[in-house]
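A short write-up of the structure that comes next.
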């Protein structure tokens, strides 16, 4: 039999929700998870017995706030000292600690303190998306295209790629979220001629604006702008702060230090925010929120808009910047396309529509699924799919930030300008600053400011062994090379000796080493094995419980009650009670212990019921359904196993 063709999936790894899609038979399928939902919460929870990912993790967040981790995307590729990380830590119930300047999340798992890098948490979400795809496709999934905000910097892109590797995925490409959404928008509009499209992507935690021209399957990004720290979570934070103050005013109690109360309030605020997109008022009803006090209140859409007015208005600045960089007037934009759940907020839509002089906004694509849709198409293209729809599709993306190095006096010398089409390669010649200088120290930065101290340091390396010469004589050739993922490598070569040194930006800025990634891959396998062992344990426990109740139920059957001797009936009943009592006190026993208890019960029941049925049978449980069927059908009920 022919092996199934390998398929690659597209994964939208979101701040609050993630989504996976696959392109096959000429169309994209967005895949539902085991709960039937097409988006999965980007949540991971750790308990005394197991690890939960997705819906199961989010649904128990209020009961287990310290060990339920979310917002990993707001940590990934950042340093612990980053101002945004410090600000976010005030809102997170879980603990974030610093290890070698990198943030790690500290939780309690199976009674032990564990700490995880953001890449590891994200890899657990990616593994969940991988499992969702495998369940649908019925075959292993090894390849994926993963999306990131267009304004993610080099560190954040590489960290996302590492997360994919830890999840056991070959990451074919890291692509920008608004570009993926543009593919979703433009794929079925091929005959429309050249169109300028502005993608306005406001999600749970990040905000991007990209301007593209789309023509006959060529998607060319003209400019991109955004804020990697603006989204629905920030609107939730404003609501939470508002209601904490209201609670303090009304009840003279401060709930801000109680993690569980805050989690319950945040969940209610998120629900209220969604309600306000379709209604002008939302009510919150939270029983016994804090110290026995019930919290019943309401909020109007106008009040919500006023609380977030500065955040909503700030979304227009990147729109103006992207248009300026693309050298386009707003009148030249054919389609303004809304992507991301937060674009459902009426005030955001109104501000954007007014900015474009009343132009109708394009809401034709599903804002929650568009990014995964586009990623799935790009995955098919990279796997060489011959479908006519995607065969000629070409994606030309850009570098979101200028890249350069530090020269004398701390000046930023730019080699690659922002919005340069990628992949790209630029070379420039530099020289020494002093006589007989034995080496040069090359520091690589990204950003738009004139001085390097105001930009983001990506990495540094040294080119040594330069022959002694007066200042200005040696010629050092520096090459910046950005690949299609937007990841940078830098090479420096001394032209007189041919000596070279190269970095694909190193650990200086918080990137995981190859060894660390390999260790995390091994640990991810171990966690997966532990999860499977936990599932088997629960299945064995359920099987034992079901078996006991089957047996007890059979003893109550009128047709059997008089046929079983009283002594035997008491013997079976006593054993059932003994097993139930054991179960009550051994909720966390091993799979083997549950199976042993079940075998003991079967050994007592088998001779009693075999006399009754005229064959070796026990009503109920795994060993009895078939045997009961072999007996005389008129003597008793057929008992099936219930999983």
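Backbone N, Cα and C define each Cβ position, glycine as well.
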Self-check item: region 'Disordered' according to Swiss-Prot, located in which of 590-616, 617-643
Solution: 617-643
Practice problem: Run through the Cβ atoms and count how many others sit within 10 Å of the one on residue 205 (ATP binding site). | Solution: 24
Self-check item: Whole-number Å value for how far residue 563 (N6,N6,N6-trimethyllysine) lies from residue 274 (ATP binding site) (Cα to Cα)
Solution: 62
Quiz item: Within 10 Å of the Cβ of residue 563 (N6,N6,N6-trimethyllysine), how many other Cβ atoms can be counted across all chains shown?
Solution: 12
Quiz item: Given the binding-site residues 277, 343, which one is most crowded in terms of C-beta atoms within 10 angstroms?
Solution: 343
Quiz prompt | Rounded Cα separation (Å) that holds between residue 343 (ATP binding site) and residue 563 (N6,N6,N6-trimethyllysine) | solution = 70
Practice problem: Indicate whether residue 17 (ATP binding site) is helix, strand or coil by DSSP. | Solution: strand
Self-check item: DSSP-assigned states of the region 'Substrate-binding domain (SBD)' (396-511) in counts, ordered helix, strand, coil
Solution: 6 helix, 60 strand, 50 coil
Practice problem: State the Cα to Cα distance, in Å, between residue 14 (ATP binding site) and residue 563 (N6,N6,N6-trimethyllysine), rounded to an integer. | Solution: 63
